[in-house]
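First up is the structure itself, then whatever we jot down about it.
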Amino acid sequence: MDEDSKPLLGSVRAGEYYTDSLDPKQRRPFHVEPRNIVGDAQEQVSAEAAALSSRVHYYGRLTASSDRLLVPPDHVIPSPEDIYVYSPLGTAFKVQGGDSTAKNPSIVTVFAIWNTMMGTSILSMPWGIKQAGFTLGIIIIVLMGLLTLYCCYRVLKSTKSIPYVDTSDWEFPDVCKYYFGGFGKWSSLVFSLVSLIGAMVVYWVLMSNFLFNTGKFIYNYVHNVSTSDAFGTNGTDRVICPYPNLDPDGDSSTHQYYVSENSTGQVFDLWWSKTNTIPLYLIVLLLPLLNFRSASFFARFTFLGTLSVVYLIFLVTYKAIRLGFHLDFHWFDSSMFFVPEFRSLFPQLSGVLTLAFFIHNCIITLMKNNRHQENNVRDLSLAYLLVGLTYLYVGVLIFAAFPSPPLSKECIEPNFLDNFPSSDVLVFVARACLLFQMTTVYPLLGYLVRVQLMGQLFGDHYPGFLHVFILNILVVGAGVLMARFYPNIGSIIRYSGALCGLALVFVLPSLIHLTSLNRRGELRWPSAVFHGFLVLLGVANLFGQFFM
C-alpha cells in the first residue's frame, strides 16, 4: 500500500543532492513514437496511452514535486500492454510481463560482462607481456585483474551505501554527484569520455590497418602478385618481423611507423597506403554513420564481438600448435632473441590492463538485469575470472609461440596480427571480421559520446545537426591524426586506460567508499590505508606511462 501512495513524478533530497524529476528533459516517458518500437512492425502505441501520458505530465505540473496531494490517480496510469522501456541506445521495448521476465540468469550476466569487457586490448596482450617480461607480465595480469575487480565491486556497492534515498535507477555519475557535487559529476563524465574517445581512436587505427591488409590481400590474389613480407620465417605458417633491429631497452614502437611498406605495385601503393590514404577513405564511410539520430540499427551487430573473440582464440590456438613453444628464461638480462623475465617497462602493461579490465562506468546497469541480485558479487567475480583467463590465454600463447630464434621476441607488435603476413588466409579472415565488427561498433561509441556530452551541455542528445556534426568532425579528426602519425594501439590504449582508470577505477570508487564509511562513523585505519594505497597506485600507473 505504501508503494501505491508514492507519486510517479517526485523528487529526492539527500544532503546537497537534489533532482527534480519534473524537469521534462530528465523524465522518461512511458511511451514512444511507433517508429522507434522494436518488434512487430504492426505494433502501435495506442492513442489512449498517448493521452494518458499527457495527463500524467499535467498532474505533475499542477503542484511542486514534493507535494503529494495531487498524485496521478490509478486510472491515469497506462495499462501494462501500453508500457514501454527504453534501452540505453534509444529504442523502446514492450514490457511483456513482470520484472522476472526482463531479468537474465547468472550465466547470461557473466557472459554479457565478458563480451562487454573484451575489446581491442586483447590484440595488445602479447606486446604487453613482452614489455613487462614473461613472468612479471603474468603476475601483473593477475594482480591488475584482482585490483580492478575490487574497485568494480566498490562501484557496484556504492548505491547501496546511500541511506534514505531511492537509488534503484542511479548510475555511477549520480553517486559521484551525491558525494562530491558538480565536481564529481563532471569528473566522472570527462574521464568516461576519455575512455570512449580513446577507444574510438584505437578503432580508427585498427580499421585503417585491417582495411589496408584486407585490400592488399585481395589485390595480390586477383593480380597473382607474390610478395615477400619483410624479415621473417619460412614455411606455410610464416611469422614476420616488420621492423627488425629495434632497441631492446626502449619503447621502439614509437619509432617504427616510418618504415616504407612492402611494394605490390607503384600505383596501388600510392593510393593504398596504411597511413597516408586509408585513414582518409574511412571518413567517407564512417562520418555519415555518426550523424544518425539513433544507433539501434548498429546495436543488432554487437554479437559479432563475441564471434570475433571466439575466432581469435581459435586462431591463437592453431598458430601455437603449428609453431610450438619457444621460451628461454633470462631473469634480468637481455639476450639476442629473448627478453628478461622482469623488465622496467612493466607500467606499459599495467596501463593496457587498466582499460582491458575497465567496465566500471556501466557495471551498475549490467547488474540490474541479473535475475538473482544476491549473486551479483559472485557473477562479477566469475566474469572477471573469465576475462583474465582469456587475456592470459591469448597473451601467453602468442608470446610463447613466437619463433625465437630466428626472430627476436622484441619483434612482437602492439597488434599481434601484424606479425603475420597479409597473405595468411586465416589472419585475413580475422582482419576482415574485425573490420566489419568495428565498423558497426564505431557508430555506437560515437552515439555514447554524443549522448553523454550533448545531454549534459544542451539537455538533448541531438540538439541539432550542426552541433552533432562538429562533435563528430573533432572525434574523427583525432582518429585520422593518430592513424596518420602515431598508429601504435598499444601506447594509445595504455595512455587512455591509465588516464580514465585514475578516476573511474582507482580514485572515485575509493574516495566514495571512504566518505561513506566516515559519514557512518565506521572508518578505520586499515581501510583508510588500503584505499589510500589504491589512489596512489592509480596516480603511479598514470605517471609510469610517461617515465617508463
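In case you wondered, yes, glycine gets a Cβ from its N, Cα and C as well.
Automated prediction, rather than curation, is the source of TrEMBL annotations.
Beyond the ends of the transmembrane segment (107-127), by six or more residues, the same chain brings 141, 199, 202-203, 206, 253, 302, 305-306, 309, 312, 352-353, 355-359, 362-363, 366-367, 369-370, 379-380, 382-384, 386-387, 390-391, 394-395, 398-399, 402, 412-417, 489-490, 493, 497 to within a C-beta distance below 8 angstroms of the stretch. Annotated transmembrane segment per TrEMBL: 107-127 (among others), in sequence order.
When the domain 'Amino acid transporter transmembrane' (109-218) is classified with DSSP, helix, strand and coil residues number 97 helix, 0 strand, 13 coil. What TrEMBL records for 109-218 (among others) is domain 'Amino acid transporter transmembrane'.
Feature annotation from TrEMBL assigns transmembrane segment to 133-153 (among others). Here the transmembrane segment (133-153) has Cβ contacts under 8 Å with residues 125, 327, 329, 331, 339-343, 346, 349-350, 353-354, 357-360, 363, 377, 380-381, 384-385, 387-388, 391-392, 395-396, 399-400, 501, 505-506, 509-510, 534, 537 of the same chain, all six or more residues outside its ends.
What TrEMBL records for 186-206 (among others) is transmembrane segment.
When Cβ-Cβ distances below 8 Å are used as the criterion, the transmembrane segment (271-290) is approached by residues 204, 207-209, 211-212, 215-216, 219, 257, 261, 298, 439, 442-443, 446-447, 468, 472-473, 475-476, 479-480, 483-485, 487 of the same chain, each at least six residues removed from its ends. Positions annotated as transmembrane segment by TrEMBL: 271-290 (among others).
Positions annotated as domain 'Amino acid transporter transmembrane' by TrEMBL: 271-536 (among others).
According to TrEMBL, the feature transmembrane segment maps to 302-325 (among others). Within the chain, the transmembrane segment (302-325) has long-range Cβ neighbours (under 8 A, six or more residues past its boundaries) at 111, 115, 118, 122, 237, 239, 390, 393-394, 397-398, 400-403, 420, 426-427, 429-430, 433-434, 436-437, 440-441, 444.
Residues 88, 109, 112-113, 116-117, 119, 121-122, 124-125, 128-129, 131-133, 136-137, 140-141, 144-145, 148-149, 151-152, 155-156, 159, 170-172, 188, 192, 195, 198-199, 251, 373, 376, 379-380, 384, 387-388, 391, 490-491, 493-498, 500-501, 504-505, 509, 540-542, 544-545, 548 of the same chain lie 6 or more positions beyond the ends of the transmembrane segment (345-367) yet place their CB under 8 Å from a CB of it. Per TrEMBL, the feature transmembrane segment maps to 345-367 (among others).
Same-chain neighbours of the transmembrane segment (379-402): 106, 109-111, 113-114, 117-118, 121-122, 125-126, 128-130, 134, 137-138, 141-142, 145, 148-149, 152-153, 156, 239, 309, 312-313, 316-317, 319-320, 323-327, 353, 356-357, 363, 367, 370, 409, 411-412, 416, 419, counting only residues six or more beyond its ends whose CB sits under 8 Å from a CB of the stretch. TrEMBL lists 379-402 (among others) with the feature transmembrane segment.
Summarising the annotation, TrEMBL assigns transmembrane segment to 425-445 (among others). When Cβ-Cβ distances below 8 Å are used as the criterion, the transmembrane segment (425-445) is approached by residues 89, 196, 199-200, 203-204, 206-207, 209-211, 213-214, 217, 285-286, 289-290, 292, 295, 298-299, 301-302, 304-305, 307-308, 311-312, 315, 318, 417 of the same chain, each at least six residues removed from its ends.
Residues 197, 200-201, 203-205, 208, 254, 257, 275-276, 278-280, 282-283, 286-287, 290-291, 446, 449-450, 453-454, 458, 492 of the same chain, all 6+ positions outside the transmembrane segment (465-486), place their C-beta atoms under 8 angstroms from a C-beta of that stretch. The transmembrane segment feature in TrEMBL is assigned to 465-486 (among others).
What TrEMBL lists as transmembrane segment is 492-516 (among others).
Counting only same-chain residues 6+ beyond the ends of the transmembrane segment (528-547), those with a CB under 8 A from a CB of the stretch are 147, 151, 347-348, 350-351, 354, 494-495, 498-499, 501-503, 505-507, 510-511, 513-514. As annotated by TrEMBL, transmembrane segment applies to 528-547 (among others).
Same-chain residues lying 6+ beyond the ends of the transmembrane segment (492-516) with a Cβ under 8 Å from its Cβ atoms: 120-121, 124, 148, 151-152, 154-155, 157-158, 161-162, 172, 175-176, 179-180, 184, 187-188, 191-192, 194-195, 197-199, 201-202, 205, 347-358, 360-361, 482, 486, 523, 527-528, 531-532, 534-535, 537-539, 541-542, 544-545.
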